[in-house]
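J.: Below you'll find the structure I mean.
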Amino acid sequence: MYGIEYTTILIFLISIILLNYILKSVTRIMDYIIYRFLLITVALFALTRAQNYGLNLPITGSMDTVYTNSTQEEVFLTSTLCLYYPTEASTQINDGDWKDSLSQMFLTKGWPTGSVYFKEYSSIVDFSVDPQLYCDYNLVLMKYDQSLELDMSELADLILNEWLCNPMDITLYYYQQSGESNKWISMGSSCTVKVCPLNTQTLGIGCQTTNVDSFEMVAENEKLAIVDVVDGINHKINLTTTTCTIRNCKKLGPRENVAVIQVGGSNVLDITADPTTNPQTERMMRVNWKKWWQVFYTIVDYINQIVQVMSKRSRSLNSAAFYYRV
């Protein structure tokens, strides 16, 4: 009987010793794996960081300056330039290699091949619905058209400024504008915006809140509309929600990495949204040529002077980001 008990105790002790040995072995193996993994991770991180030195160098002075990466032999420029032009330009030029030709010309001004991107848009109206300004510097060419003068002004006001925007639920709430920097911006394939100003008893001023036909129309069948109403007064808003969206926006200030080149027209458009703001013409320029080749030649010739009145910014613009924070 005692022999069986001693045997059981002995087996139990041996099991504990064996388990302790196994645990120590596993611990040593895990420590080795973890330390090796950390060593490899640190080494890769150091190499990766070294390859990126110089990518975020600030630009000081002329765009002719190029920077060399300290761990790579390639010469590169830290900035990109996007040139937005209407379909009319490529149609008139009618040359399959015209972009390559212009790239070679930009090269003589200090812009390496691959740093200049050409973006085509069908019309000012369509471009205003989905502006995409992703480069460090963005030049938008707009052919002057008297019938589209207001559309051009609104588009320029949109892309030359930064906006902080929030969605509006016009089915549940009334809205008012707090100041001249506060605007309602609607976008879509067809935007018709009507408003009914309200008094302190929420009764319509010159309109009936239950009758949309009595509302005041401030935009009709537009793709982009920047709506300005009397500040400090609640408004009930009616909108074609199936084809349009509307956002409550505040103008924060100039978007300094964008410039607009107006092609033609007697004067540069004044994009000022209200009479108390000084006209913004520094980044709104005009060239007056009939042929698009001449327009592009002029831009290449003066590209570095144009960039000097701009500032490189990291914030991009598209129709989705614009709604919330640009």
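One-based numbering along the chain as shown.
Using N, Cα and C of the backbone, Cβ positions are placed for all residues, glycine too.
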J.: Under Swiss-Prot's annotation, the disulfide partner of C135 is which of C82, C191?
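T.: Swiss-Prot lists the disulfide between C135 and C82.
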J.: So, in Swiss-Prot, which cysteine from C244, C249 is disulfide-paired with C191?
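T.: Between C191 and the options C244, C249, Swiss-Prot records the bond with C244.
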J.: What is the interatomic distance between the Cα atoms of C135 (disulfide bond) and D301 (Ca(2+) 2 binding site), given in whole Å?
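T.: Distance (Cα to Cα, whole Å): 20 Å.
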J.: In Å, rounded, how far does the Cα of D301 (Ca(2+) 2 binding site) sit from the Cα of C82 (disulfide bond)?
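T.: C82 (disulfide bond) has its Cα 16 Å from the Cα of D301 (Ca(2+) 2 binding site).
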J.: When a 10 Å sphere is centred on the Cβ of C207 (disulfide bond), how many other Cβ atoms does it contain?
T.: 20
J.: Which one is it, among the recorded positions C82, C207, E216, D228, D231, that lies nearest to N238 (N-linked glycosylation site) by Cα separation?
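T.: If we rank C82, C207, E216, D228, D231 by Cα distance to N238 (N-linked glycosylation site), first place goes to E216.
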J.: Validating a neighbour-count step here. Other CB atoms within 10 A of the CB of S214 (Ca(2+) 1 binding site): how many?
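T.: Cβ-Cβ neighbours of S214 (Ca(2+) 1 binding site) within 10 Å number 13.
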J.: Have a look at the binding-site residues E216, D228, D231 and say which one has the shortest Cα distance to C165 (disulfide bond).
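T.: Nearest candidate: D228.
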J.: Of the recorded positions listed here (D95, C191, S214, C249), which is spatially closest to D228 (Ca(2+) 2 binding site) when Cα positions are compared?
T.: C249
